[in-house]
Every structure is written in structure tokens, then in C-alpha cells.
């Protein structure tokens, strides 16, 4: 049997690694939103967005979405696509 003083450092390192590994939760930073861009179903502005969560976007009246309608927070802490923007909607012929 090995002396405890030889085994203890290895157990301590293993336990510390195990605890710190399970506490890692990647989050994504909110990008800058275009003035007419809104996020559907956003719960709280200060809430962390965790890996796997998705954001759905829409634009205000008379604006159309340029970019992805939905993006996801990836395990890497990055977004699956860039934040979209809004541009003025071009009226269709016959519309005033």
C-alpha cells in the first residue's frame, strides 16, 4: 500500500479538475442591436445567454430584416451567425 502523502496530491488535483470542469458553462455576449431590430421572447436584458439558446429577430414597422431570422449561442461561446440589421422596406408598386 502506498503512503497517503503520495496519493493525496493526485486525488486533490483530480477532484479540483472534476469540480471546475462541471462548472464551465459557456455564454454568448449580446451584440449591438440595430435601432429598429427587436428580439422576440427575450426575457431579461441582463440575463446570461447560455449555449444552446436561440434568439429570434424581427424589425419594426416599415423595416425588413437583413440577415438571419434566428441565431444560436454555440458551445464555443460564439453565435452561429452575425446579428442581423434592419433596412427600410421598399414599397411595392401600387403601394403608397
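Quick reminder: no glycine exception, Cβ is built from N, Cα and C everywhere.
Annotations in TrEMBL come from automatic prediction, not curation.
Copied over from TrEMBL, here are the features:
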- 59-86: disulfide bond (DISULFID)
- 26-88: domain 'Sushi' (DOMAIN)
- 1-22: signal peptide (SIGNAL)
Q.
I'd like the Cβ neighbour count for residue 86 (disulfide bond), meaning other Cβ atoms within 10 Å of its Cβ, all protein chains included.
A. 21
**Q.** Within the predicted model, mean pLDDT of the domain 'Sushi' (26-88)
**A.** 90
**Q.** Helix-strand-coil residue split for the domain 'Sushi' (26-88), DSSP-based
**A.** 0 helix, 27 strand, 36 coil
